[in-house]
Structures are given as structure tokens and as C-alpha cells.
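So that you can see what the record holds, here are the features copied from TrEMBL:
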type	residues	note
TRANSMEM	20-45	transmembrane segment
TRANSMEM	110-137	transmembrane segment
TRANSMEM	149-182	transmembrane segment
TRANSMEM	188-212	transmembrane segment
TRANSMEM	219-243	transmembrane segment
TRANSMEM	281-303	transmembrane segment
TRANSMEM	323-343	transmembrane segment
TRANSMEM	355-376	transmembrane segment
TRANSMEM	382-399	transmembrane segment
Amino acid sequence: MKALVSQEVQQPAFFTRERIAAYSSALLVGQIIVIGVWVVSCWLLHSRYVPPPGLDFRVFWSASFISIHQGAIAAFNPDLLHAVENTLLQGTGVESPCALWVYPPPFQLLIFPLAILPYPAAYALFCGASIACCLLACAPLMKSRPLPWAAVIAFPGIWVATIHGQNSLITLALAAGALGLLEKRPVAAGVCAGLLVIKPQLAPIFPLLFLFGRNFKAFFAAAVTAALLCLMSGIVFGAPLWLRFSEMAAWFSSAVQNNYANLWDAMPTVFAIARHSGASIAVAYALHAFVALGSLLFTITIWLRKPHSSLAKAAAVTTALLIPTYLLYYDLAWLLLPILYLAEDLRKSRGPARAEYIVAVLAWLAPLASLITWFMPFKSRWAAVLLVVLMVIVARRFLQENRL
């Protein structure tokens, strides 16, 4: 009887697969048109005041160019980076703001060859490979068809990351691999988690869950992978690069605490909300830690009971986004994973689902809405509240299902 009832998901009429596919397709067309017009205006029509797409990718390419021609450690020189980036803007009438390179050596190793190609080709290759990695990582989740493929491809997080030329889609694919491969291929899952050393602020949740879940093969694979990648970058670039990165990371941490370049406006974190509201650094850290630790404790609880369930994975990714005090709105591309996991749980579970569908839609729109609201008075910080609400929804569903 319970199995029969569990198939009766109370899905609001508005959220039929046909409507989801239609609305997603319409937004996908709109996003592609915007990016297409931008590309044509810049590289074919050479329109004035239209910079090349890839606000962050320009920094990646410039760091690669400097690393190739002047040595990797020179990429941390903001004057050099600024000068190279401005060469990409010649003829546009646009000048780049002061650029900074604050990425760890393993990521610098990854982007090192980018400047071998001209900027447009490198940007197209990087974004194409990133989108392919993202969609391939989602393919196993889509076998049960929790959502139409149109909703995945049209997910605004993919296209916001593409506009910026950020690494969010690559790290999303690694997170999906770390969770999706864990049950049957723990070593491969650990390798995916270890590769997240390229963006270390999003990585801590995975080794913790491997340990608490007694997935020791995955844990050691993650540790070895991360160590080898760090060692390889040290061998290729030299130990002084790590020292320079440590200095820059310490400076940047202090800069974030004090709203350098108005970073709080683009940070969907509890820390940013607290600091913007007038809280001291200590109070902001305390509030952020309270939310992050609460989310982490719940995630560990569900992981111990149902480690391979959709809700456990949704909780893990949401917690990964709640842990770092420094997070930018393009990192919300990771929300695609908890959306898919939650949709999968809704597909096979029973009970009221209106709130879940509404929150899933808001999470789906969050990357685009965060980009738009960045230009408005309330900025992108509001998305931190959505992350907390998403975690509450996951917790509620877990508690409901375990009372059945």
C-alpha cells in the first residue's frame, strides 16, 4: 500500500513536464540570443563599448599569457595582469578594472596553456568544454528523467557561468562525479573530489562525508589526488609560487572582510549579509558559522542514514555552497545538482510538494536573478536566504519520509 501511495506525488498543475519544457526552451533561446548578439557585436561588428565576453575568463587568459612569457609568479602582479587584460579591450573604448589573480597553483596549472590560442578561440574552447562537462555529469541523473532535458540545458547557471567564462561548470561536474560515482566507483569519486582543489572553498564537504560514511577508498583517493595536483604544480612552477599565493590569499581574505571592490554585493553568503547590515567581522563569522554548521550537521545525519539517497546528495551540495564565506553568484551554477536531486525525490515520493516545487523554481532562476539584481539596490546577497530555505526544504522532506 505504501509503495502505491508513494507514486502519487501531488504535483501542482502549473509544473507539468510540458510546461517546464516549454518555458525552459523559451528562456534558453533568449539566453543564447543575448550571448550571440554580444559575440557578434564584439568580434564581427567590432562595436564600440562592447567588451569581449568572459569577464573572468579575461583574467584566466591574461594569467596564462603572463605565466607563459614571464613566469607563473608574475601572474600575481596586478599591474602586469591589468596591462595584458587591457590589450584584449583595445578598440572597444572600455578599460578593465584592476584585475587580481588569487587562484591556487593547481588551477593555474590547469589554465596555463590557454594563451597558446587567441582569446576568442580559447574562450570558445573553455566554455564549450565546460558546458560539455556539466551536461555529461548530469546525464546519469537524467536517466530517471526527473526533469526535461530542456530545463537542464536552459538552466541559467550554465549561461551565467558562460558569460563570465568562470570555472563553475567544471567544478559542478566534479561535484556530480564525487557524489554520483561514490556507491559503485569510490576511487573515481575520490579523484573527482580531490580535483576540487582547484576551487578549495567548495571542497571541504566531500572528504568529511567520505569519512563519516566510511568511504575510505574515496577519502584516500581524494587526499592523494589533491596532494599530487599540488605537488605537480609545485614541481612545474616552483615552491615560491605557493608562497606568493599564500600571501595573496591572506591579503584577499582581509579585503573580502572589508568589502574590497564592493564584493559583498555579489556574494550570496550569510557573512556578506551580516557585514552589509553592520555586523562586526567576528559577529558575521559567528552567524555564518552557525548556519553552515547547522547545515553540515544535518547533512552528516542524513548521510549516515541514507548516504546514497537523492536527499543526502541535495543536502551535500547545498551545504557545500553554505560553508564558504566567500562565494560569488556565478557559483550558484552548482544549484543545478540539488534541483535535480530534489526533483528525483519528488518523482518517487509522496506528500505535499507545492513548497518544494516553488523553491526548486526559485533556485533554478537564482543565478540569472542574482546577475540581474547585482545592478539593483538589494544586489545578489539575497540568494543566501534561498540557500538556507532550500536546505530547510530538504530537511523537511527527509523528516517526512522517515516518519512514514
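The backbone N, Cα and C atoms fix where each Cβ goes, glycine too.
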Top Cβ-contact partner of the transmembrane segment (323-343) among 110-137, 149-182, 188-212, 355-376 (pairs under 8 Å): 149-182
Remote residues contacting the transmembrane segment (149-182) - C-beta distance under 8 A, at least 6 residues beyond either end: 20-21, 24-25, 27-28, 31-32, 35, 38, 53-58, 60, 107, 123, 126-127, 130-131, 133-138, 140-142, 188-193, 195-196, 198-199, 202, 206, 210, 213, 215, 218, 222, 307-308, 313, 316-317, 320, 329-337, 339-340, 364-368, 370-371
Stretch-level contact, the transmembrane segment (382-399) and the transmembrane segment (281-303), CB cutoff 8 A, at least 3 pairs: yes
Other parts of the chain folded back onto the transmembrane segment (188-212), taken as Cβ under 8 Å at six or more residues beyond its ends: 103-104, 106-107, 110, 167, 170-171, 174-182, 218-226, 229-230, 296, 299-300, 303-304, 307, 316, 319-321, 323-324, 326-327, 331, 334
Beyond the flanks of the transmembrane segment (219-243) by at least 6 residues, Cβ under 8 Å: 67, 72-73, 104-106, 108-109, 112, 178, 186-191, 193-198, 203, 206-207, 210-211
Non-local residues, at least 6 beyond the ends, that sit with Cβ under 8 Å of the transmembrane segment (355-376): 11-12, 15, 31, 151, 155-157, 159-161, 163, 265-266, 268, 329-330, 332-333, 335, 338-339, 342-343, 346, 382-383, 386, 389-390, 393, 397
